[in-house]
């Protein structure tokens with residue numbers, strides 16, 4: 001029903017519309033009339049609303065509403081084509097924002113400790129705490145994670161959870177985006193692993209070009225990473241246990257180029273990004289994260305910055321570490337580890353793995369972790 005044309009499609013932003021225009025353009029199914037481009041703009045606007053729906057039933061009903069609206073305002077063949085494109089678009093095949101399954105707390109001693117801690121430190125409002133589904137700070141699971149690393153002692157936990165709430169009020173991790181930490185997001189040192197077409201391209205970039213001082217202008221124009229939403233036709237990658245994976249490339253990390261505030265903002269954004277990538281599995285409690293540290297290019301000047309990262313993870317996100325896997329560690333790292341190890345608490349230290357020499361890339365590291373029994377939830 002459509003006539004091929006050489007007219008360049010309008011530029012757009014956003015996962016849903018970008019996926020649609022890319023498929024139309026490369027498939028040479030381009031509609032030249034202004035009327036049909038208007039429909040695509042409408043789809044883009046509505047897809048942004050759909051991203052806010054966590055519930056699959058809400059997403060389905062909203063999808064039906066969009067289709068029925070188009071059916072009334074356009075020709076049927078156009079609606080059917082848009083329906084097919086929307087179905088295959090990754091923006092509707094996976095959730096960019098997922099709801100973490102809350103652990104079921106049945107132990108009476110634990111429930112009593114949580115109630116007492118809530119009495120000492122009342123939960124903040126949702127407006128202050130952020131999302132009620134991603135890293136909520138007003139539910140029992142949040143209090144339980146702090147209690148679990150303090151022997152379930154409410155008195156001992158009071159000061160740490162109070163400090164964490166104040167930190168979240170100041171930093172507001174749920175509101176952070178890549179634009180708030182552009183220097184570090186352009187280094188491509190902390191990669192959120194994905195699966196699907198094009199997911200390996202960012203792993204095969206030219207390291208020498210990115211480290212060349214003559215390419216600073218190109219660096220400023222490079223896209224920020226990791227993106228807030230998953231790229232089109234891709235999905236966030238996890239271990240077989242369900243832990244979302246971040247791949248840290250030490251040789252690309254230049255923390256000294258960013259301010260102290262941006263370093264804190266970047267780490268808060270990335271940890272919250274990891275938590276958003278936890279699969280929505282109602283049958284299994286998954287609330288922990290996985291980071292693969294590729295230590296090629298490690299320098300001792302990075303130690304103060306590493307200490308700051310550890311403090312944020314330990315003090316603000318207790319009970320979130322699922323696997324911290326180190327690969328390609330230098331020979332002298334044994335001495336460095338004696339410095340770093342005391343900075344960790346027992347809970348994080350028990351999640352650290354040093355892969356053998358044969359595990360020298362991220363794919364082998366994921367396979368190494370998949371062969372191990374990892375703790376995924378609070379208990």
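Yeah, the Cβs are placed from backbone N, Cα and C, and that goes for glycine too.
Owing to the predicted nature of the structure, the values given are computational and were not obtained by experimental measurement.
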Among ranges 150-169, 170-189, 190-209, 210-229, whichever one TrEMBL labels region 'Disordered': 210-229
The domain 'CRAL-TRIO' (240-379): DSSP-derived helix, strand, coil residue counts: 64 helix, 22 strand, 54 coil
